[in-house]
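Shown next, in structure tokens, is the structure this report addresses.
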Amino acid sequence: MHCLPLTLLLLLLCSRAEAEEIIGGTESKPHSRPYMAHLEILTLRNHLASCGGFLIRRNFVLTAAHCAGRFIMVTLGAHNIQKKEDTWQKLEVIKQFPHPKYDDLTLRHDIMLLKLKEKANLTLAVGTLPLSPQFNFVPPGRMCRVAGWGKRQVNGSGSDTLQEVKLRLMDPQACRHYMAFDHNLQLCVGNPRKTKSAFKGDSGGPLLCAGVAQGIVSYGQNDAKPPAVFTRISHYRPWINKVLKQNKA
């Protein structure tokens, strides 16, 4: 079964999978998700792309490793990404830290830290998001939330405004059709009997369970049928802490 990474590629000329967006969700209340980051990316193939991400320190954003590029500009404090507001903060990424074991074929270890050129100013529209502890286990059946600027329809375009959707954490067996799925590294998210999912353009965004980031949008099926695969943050807390410490975050 063909899978595709959830990176919102705006030029659909390459054979790579694209990013995810929110399908079956609703528009977020403006600035109710102050940790959300919109990433504008010049890819390694010189294409334009976009992803989601989230602020975890004033100068660090967490996202998916498949969102890496030659150049990344981060916008914080946005709701409608096409209408600039006084709440916006645009910050250049000066260093990218993809996980050293990231595999571009299997999309395992699909996690990356981005160091910003300047520290963000924390406001009502810009804030940080707490991460799952290392040994935190979120049981199947838990309802969580995902937000992003991705597509709202399989054949549609990306959303200008931030969208969000409630998704159910599934038993790992529900993702057994994904050959590279590893429940130790990843989460299986989205009820296959529903039409709600993250889709193209949502890659890198957070999965929130009880106000804590438990996952990162990674990949799903090219028809957006759930479940999709999310990177399990708790597994990577030692690596995240190491990078932050070494870079004085």
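Keep in mind that glycine also has a Cβ here, set from the backbone N, Cα and C atoms.
Sequence annotations record features per position, and here Swiss-Prot assigns signal peptide to 1-19. Taken from Swiss-Prot, the feature domain 'Peptidase S1' covers 22-245. Taken from Swiss-Prot, the feature disulfide bond applies to Cys51-Cys67, Cys144-Cys209, Cys175-Cys188. According to Swiss-Prot, the active site, charge relay system annotation covers His66, Asp110, Ser203, on the basis of similarity to another entry.
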Using Cys144 (disulfide bond) as the reference point, find which of the recorded positions Cys51, His66, Cys67, Ser203 has the shortest Cα-to-Cα distance to it.
Ser203
Using C-alpha atoms, which one of the recorded positions Cys51, Cys175, Cys188, Ser203, Cys209 comes nearest to Asp110 (active site, charge relay system)?
Ser203
Within 10 Å of the Cβ of Ser203 (active site, charge relay system), how many other Cβ atoms are there?
37
Candidate with the highest Cβ count within 10 Å, taken from the disulfide-bonded residues Cys51, Cys67, Cys144, Cys175, Cys188:
Cys51
Within 10 angstroms of the C-beta of Cys209 (disulfide bond), what count of other C-beta atoms is obtained when all protein chains are considered?
20
Could you measure between His66 (active site, charge relay system) and Ser203 (active site, charge relay system) for me? Cα positions, answer in whole angstrom.
8
Per DSSP, Cys51 (disulfide bond) is which: helix, strand or coil?
strand
Taking the Cβ of His66 (active site, charge relay system) as centre, how many other Cβ atoms lie within 10 Å?
24
Express the predicted model's confidence over the domain 'Peptidase S1' (22-245) as a mean pLDDT, rounded to an integer.
90
Sort the disulfide-bonded residues Cys51, Cys67, Cys175, Cys188, Cys209 by C-alpha distance from Ser203 (active site, charge relay system) and give me just the closest.
Cys51
Measure the Cβ-based neighbour count of Asp110 (active site, charge relay system), defined as the other Cβ atoms within 10 Å of its Cβ.
29
Rounded Cα-Cα span from Cys188 (disulfide bond) to Cys51 (disulfide bond), Å:
20
What does the structure give for the C-alpha distance between Cys209 (disulfide bond) and Cys188 (disulfide bond)? Integer Å is fine.
14
